[in-house]
Amino acid sequence: MGSDSNPTGGEKHAGQQTNGSAKDLEQMKTYASEGKPPSGFGARHVQTLLLFFGLTVAYALRVNLSVAIVAMVDRHAANKDYEEFDWDEKTKSVILSSFFWGYVVTQIPAGQLAQRFGPKVLLLLSIGVCSVLAVLTPFCAHIGDAKAVVGLRIVQGLSQGFIFPSTHTMLSRWAPASERGRLGTLSYAGAQFGTVIMLAISGVLASSSMGWPSIFYISGAVGILWSVVWFFYGSNSPAEYRGIAPEEREFIESSFGQQDHSRRIVTPWMAILTSPPMIALTIAHMVHNWGFWTLLTEMPSYMKEVLKKDIKKNALLSSLPYLVMWILSFVFSPLSDFLTNRQYLSRVASRKLFNTIGLWVPMAALLGLAFVPKGGSDLAIVLLTLAVGINSATYLGFQVNHLDLAPNHAGTMMGITNCAANIMSIIAPLIVGEVVTDASDPIQWRWVFYIAAGFYFFGNLVFIIFGKADIQPWNESESPVPSAISSANDVQPARIAGNTTGHNENHSD
């Protein structure tokens, strides 16, 4: 094992060392030529597991306020011994949306910075800063009220804007082609897992002797702990990871082919921004975020004020839809592969089918939710769970469509659509604050569900009409680098999806 760090170097003190090095090199050639994955739990699995928990922490830090704010404005909803704030619905909506004010700013530049400085340091700073700020949230709320909390959440959003581009870059360097779907799925599953865990335990924490501040203290402390572990065990690439076995490194790096980072693809900005399929994709992404974040940020308030659930049941029930979403993401992905690989559906038909399932089924659930009678809390919870859980089908719809249209520019396209979509994440809670002036009035909430359902209908209709799944002419726009080479590093989502032609899609994109 001593030859791992320097398999060919050093003096020949003994014939055994030379023979060991030669054996390692021969084994490396075997793995490279056959594409055979090394057995056992390897360095790539360590990095994937760290990414999973990193995204778990990131989403826990993102959604912790959704339940905490219920207790912060009503001390009788949880532990009565802690401070209460006089925030109306508009103020609450501003606070809940402020995270995204910062988040959208760093989306597009984040990918370029991850390429230049490496994803490890960006993930470390992103989650580390966000975690420290989470710990400081109760103090800021005490001394600065709503304005201080808004400012803090903006900075948290700025820091988290680097997470997804950096994760894409990590997977582009660590996930070999034959395992990219599997490792990508596990990594990104952390997002929904973090949402489930945070929503489930927040009510218990708020009602405990530690009160609502413990929601921020504990989520922040876990984030700091992850940052320490990441500092020691995270690595930008197999080449920089000292403990990796030589055969595993060769297996990973050989799957990417020869890479020339000195030349870069020319980005056809005008062609991208004026392409009808790209516009349809952007609209689908935007309407998805409107509905998703409306429900995520406002569901705890709806359950407390309309369904009359106490904060413990509220938190557990609020987490249920995201647990279902997490589970269904592992159901829809192999189903999509089965239908396309067996040629039961064309790629474009598959994209539109799963996008329709992911947007129009939730649309129907939201319309049903608008007419749930008083006392029908069980039905309301079923419909909310359906509206959020089935939404995971969009992972096989618009969310992988960037790769279909232009593998060479999928990273840039992801930045554009995610930036636009998260502007909707800002606006949606603000609109709720304007519409819902009395949180206990189910008629006012009915309009919130109407609006979200309308967005879902319009966005998917545009995607059905204008969406495509074939490579666009501007994908090869005077690029000095072949697409198979450029996709290794310049296109982060392409590296996740399985190959540059998109045959092995997975919801991780």
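Backbone N, Cα and C atoms are what each Cβ position is placed from, and that goes for glycine too.
According to TrEMBL, the feature region 'Disordered' maps to 1-23 (among others).
Residues or ranges marked as domain 'Major facilitator superfamily (MFS) profile' in TrEMBL: 46-471.
Taken from TrEMBL, the feature transmembrane segment covers 49-73 (among others).
Long-range contacts of the transmembrane segment (93-110) within the same chain: residues 62, 65-66, 69, 87, 122, 146, 149-151, 153-162, 164-166, 293, 297-298, 412, 415-416, 418-419, 422-423, 425-430, 432-434, each at least 6 residues beyond the stretch ends and with a Cβ under 8 Å from a Cβ of the stretch. Taken from TrEMBL, the feature transmembrane segment covers 93-110 (among others).
Taken from TrEMBL, the feature transmembrane segment covers 122-144 (among others).
Sequence annotations record features per position, and here TrEMBL assigns transmembrane segment to 183-206 (among others).
Feature annotation from TrEMBL assigns transmembrane segment to 212-233 (among others). Sequence-distant contacts of the transmembrane segment (212-233), counting only residues of its own chain at least 6 positions beyond either end whose CB sits under 8 Å from a CB of the stretch, comprise 46, 50, 53-54, 57-58, 60-61, 64, 67-68, 71-72, 78-79, 82, 120, 123-124, 127-128, 130-138, 198, 202, 205-206.
What TrEMBL lists as transmembrane segment is 315-332 (among others). With a cut-off of 8 Å between Cβ atoms, the residues of this chain six or more beyond the transmembrane segment (315-332) that come close are 66-67, 185, 189, 192-193, 195-204, 206, 295-296, 299-300, 303, 309, 354, 357, 381, 384-385, 387-393, 395-396, 507.
Per TrEMBL, transmembrane segment is recorded for 353-373 (among others).
Feature annotation from TrEMBL assigns transmembrane segment to 379-398 (among others).
According to TrEMBL, the feature transmembrane segment maps to 410-432 (among others).
Residues or ranges marked as transmembrane segment by TrEMBL: 447-466 (among others).
Feature annotation from TrEMBL assigns compositional bias 'Polar residues' to 480-490.
Among the features that TrEMBL reports, region 'Disordered' is placed at 480-509 (among others).
Non-local neighbours of the transmembrane segment (410-432) in the same chain are 89, 93-94, 96-97, 100-101, 103-104, 107-108, 110-111, 164-165, 168, 267, 272-273, 278, 281-282, 285-290, 293-294, 297-298, 402-403, 448, 451-452, 487, 490-494, 509; each lies 6+ residues outside the stretch with a CB under 8 Å from one of its CB atoms.
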